[in-house]
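Trainee: Positions annotated as signal peptide by TrEMBL: B:1-35. Feature annotation from TrEMBL assigns transmembrane segment to B:68-95, B:116-143, B:163-183, B:190-209, B:312-330.
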Amino acid sequence: MTSALTARGLTKRYGRRTALAECTLEIPAGRVVALVGPNGAGKSTLLNLAAGLIRPTSGEIEVLGDTPACSPDQLARVGFVAQDAPTYAGLTVADHLELGRRLNPRWDHRLAERRIDDLALDPRQKAGRLSGGQRAQLALTLALAKRPELLLLDEPAASLDPLARRELLQGLMTHVVDHGASVVLSSHLVSDLERVCDHVVVLTGSHVQLAADLDEVTGTHYRLTGDARDLDELPPGAELVHSTGTDRHRTVVVRSALPVVGDRTQVEPLGMEDVVLAYMARAASPAPRPDSPAEAVR
Amino acid sequence: MTWLSWRLFRAQGYVTLVVLACLALLAVATGPHLAQTYADSGIAGCTGGRCSDLSRSFLADAKTGLTGATYTIGALAMVGFPILAGVFWGAPLVARELETGTYRVAWTQSVPRTRWLLPRLGLALGAAAVAAGLASLALTWWANPLDAAQGGRLQPGVYLARGIVPVGYALLAVAVGALLGAVVRRTVPAMATTFAVVGGLMLTFSLWLRPHLVPPVHANVPLDLADLQTFSETNGGHMEVVANFAQKGALVLTNRTLTPQGALFVGPADPTQCDRRLPGQQCMDWVDSLGLRQDVTYQPASRFWDLQLVETGILVALAAVAVGLCVWWVRHRIT
């Protein structure tokens with residue numbers, strides 16, 4: 001099975017500014033993938049590269065086994081909802097569906113109309129007069145009715161209120177369950193994604209900190225709290241992710257395939273949000289890490 | 001793409017149609033009367049010196065009231081239209097998409113960028129060419145009596161509003177606007193640059209290039225003092241004498257007065273003939289006796305269509321280059 005997205009040494013520079021440096025990652029197909037990371041980690045750049053809107057300065061990227069936007073067919077296989085869900089302000093909702101119908105060979109007009117109906121959007125309404133949530137839903141409808149094999153969503157929920165956010169993600173999930181498609185959605189709001197995704201990629205400073213299935217993520221990370229001396233030596237097979245605290249008292253997050261049991265330390269398994277935050281904290285901490293050339297550019 | 005191109009252009013297209021209709025109405029309302037006045041004036045069959053008098057009174061008459069207003073509006077509209085088309089149709093074509101982010105919608109449908117850009121650009125170019133062509137056709141017909149009375153259509157304000165150059169400028173303006181929009185990436189700065197560039201091109205052609213598009217005609221004729229442009233004598237005896245060129249409607253490039261030997265005539269004035277205390281006519285007669293020649297390079301009025309064809313050809317070629325660059329830029333530089 002080909003991966004949804006493969007990047008090797010992917011780099012994008014704008015003049016002197018490096019938006020993405022030497023990024024290497026593989027995103028499996030058939031999953032709902034959360035691409036998480038702090039602002040400026042290169043998530044948007046990566047997704048724009050994947051959508052073929054921009055081209056890499058160096059390195060390679062393949063989407064569904066092909067160069068992004070290399071042909072009308074490749075374009076048809078990938079759906080993209082850009083950050084802030086841009087729409088044509090002067091065009092009505094119905095116009096947007098007509099646009100999708102005329103520009104996409106695999107367009108599912110019934111699906112689009114049903115979604116607009118379900119969302120109670122007025123087809124005659126100009127997109128410029130829709131609320132942020134409605135606009136995001138319209139943009140998502142445009143991408144879904146295209147019936148892509150891979151959906152790329154760049155911060156689809158960032159500017160929405162919690163209710164609109166949940167509705168948007170629910171709509172997305174319903175579609176994925178009904179029609180099946182790989183999804184990559186980026187966000188810095190980790191809590192949103194926990195409910196919808198089954199694979200997570202943590203990207204910081206262009207570097208992949210973690211890429212794993214969700215159940216693997218939540219089943220293998222533990223937080224150990226206790227006396228610093230007891231934590232000098234980690235449990236066998238455990239790998240240090242991040243450590244905070246003083247000389248005496250420490251909190252340590254570890255990754256371990258084996259169950260971790262503590263005798264004098266307190267052990268708790270971690271949920272996705274905490275795991276992601278630990279990896280982000282590791283990347284942000286000044287501690288020297290041999291594998292982080294990207295730190296220098298930020 | 002045809003549908004989307006039209007959908008995004010529709011409003012502007014309708015506005016243009018309404019404006020064109022208004023202009024046409026104005027032309028139809030005043031045209032027949034203008035043609036009748038011309039026919040009654042007798043300019044068409046006149047001979048000799050009477051002609052210029054008849055023309056002058058006809059023009060003075062015609063350039064008042066509604067006819068005069070139509071003439072001015074027509075000229076302004078024809079010179080202004082290419083600039084407006086470049087600014088409002090060309091410049092925002094790519095720039096607005098980039099600025100508002102809608103390019104990320106447009107370019108992620110199943111249509112490659114080139115196939116998105118060309119229909120949109122083609123529609124704007126086509127609409128600009130048709131609008132400019134129709135307006136020019138109407139104005140060329142309407143102003144025919146006035147142009148005939150004026151003896152030519154080579155003066156920049158007239159030339160730019162007749163024949164086929166308006167089509168050339170409209171095409172070039174839209175293409176340049178689209179290119180600048182893609183390069184500048186912001187709508188308002190792109191509009192401003194387009195205005196400057198298209199206006200600059202019109203000026204450059206009118207002031208410097210047009211007279212040389214076709215090799216000018218050279219004439220060397222006896223100086224006729226009856227119709228003088230300049231006749232001056234300074235204290236040192238330095239003289240400057242220039243006569244108007246007799247050929248009606250010609251676009252004059254150079255106009256010099258030469259001595260029979262072929263040198264530029266600069267005097268010196270004969271103090272026994274030219275003196276402030278003597279009657280001016282005496283000096284004039286003396287100059288007349290010198291056998292001076294008028295040496296002129298010019299484009300005759302009959303060259304109108306030659307110049308129009310050459311200029312339009314150049315403009316269309318430049319527009320094609322701009323379109324090519326725009327496509328290249330959108331494909332390879334907006335990444």
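Every residue gets a Cβ built from N, Cα and C, even glycine.
Owing to the predicted nature of the structure, the values given are computational and were not obtained by experimental measurement.
Can you tell me where each of these features sits in the structure?
Mentor: When Cβ-Cβ distances below 8 Å are used as the criterion, the transmembrane segment (B:68-95) is approached by residues 9, 12, 23, 26-27, 30, 62, 103, 117, 120-121, 124, 127-128, 131-132, 135-136, 139, 142-143, 146, 157-158, 160-162, 166, 169-170, 172-182, 184-187, 190-191, 193-195, 198-199, 202, 326, 330 of the same chain, each at least six residues removed from its ends.
Counting only same-chain residues 6+ beyond the ends of the transmembrane segment (B:116-143), those with a CB under 8 A from a CB of the stretch are 1-2, 4-6, 8-9, 13, 16, 20, 23-24, 27, 30-31, 34, 70-71, 74, 77-78, 81-82, 85, 89-90, 93-94, 106-107, 109, 158, 161-164, 166-167, 169-171, 173-175, 178, 319, 323, 326-327, 330.
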Trainee: Near the transmembrane segment (B:163-183), which same-chain residues lie under 8 Å Cβ to Cβ, leaving out any that are not at least 6 residues past its ends?
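Mentor: Same-chain contacts beyond the ends: 78, 81-83, 85-87, 89-96, 98, 121, 124-125, 128-129, 131-133, 135-136, 140, 153, 190-191, 193-194, 197-198, 201-202, 304-305, 308-309, 311-316, 318-320, 322-323, 325-326, 329-330, 333-334.
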Trainee: If we skip the immediate neighbours and take only residues 6+ beyond the ends of the transmembrane segment (B:190-209), which ones have a Cβ under 8 Å from one of its Cβ atoms?
Mentor: 79, 82-83, 86-88, 90-92, 95, 156, 159-160, 169, 172-173, 176-177, 180-181, 183-184, 311
